[in-house]
Amino acid sequence: MVLSPADKTNIKTTWDKLGGHAGEYGGEALERTFMSFPTTKTYFPHFDLSPGSAQVKAHGKKVADALTTAVAHMDDLPKALSALSDLHAYKLRVDPVNFKLLSHCLLVTLACHHPAEFTPAVHASLDKFFSTVSTVLTSKYR
């Protein structure tokens, strides 16, 4: 999926507005994913998955940090996310559908925290971006 210049502007502007909250939102989105889609918990048998868990928050920050890297390298996502793609495809063997589920929960979390900024155009741009990131992360599965 190709991101238009308007998409890139929407994504960058939105991500910049998150400021220091990206990690917090990543943890909240991950917790929301586990609660809404219980099968996603199978990849984290060693985690305390209870609400407010420090392990979930820490992993959510890793997710947010990876997305921050992706935002900074929107023009070359395959290179920027290559190591992460390898990790999820070859070591963790995460079912690709889980990226779509987490993406949905990220959109919901961002909409909850920034309703005024979450216009239809921003929603569409972020959805395209998360879909593109998911595609890159699953590209090595084939």
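Yeah, the Cβs are placed from backbone N, Cα and C, and that goes for glycine too.
Annotated features in Swiss-Prot:
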BINDING   His59  O2 binding site
BINDING   His88  heme b binding site
DOMAIN    2-142  domain 'Globin'
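Here the domain 'Globin' (2-142) returns a mean pLDDT of 94 for the predicted model.
For the domain 'Globin' (2-142), DSSP puts the residue distribution at 113 helix, 0 strand, 28 coil.
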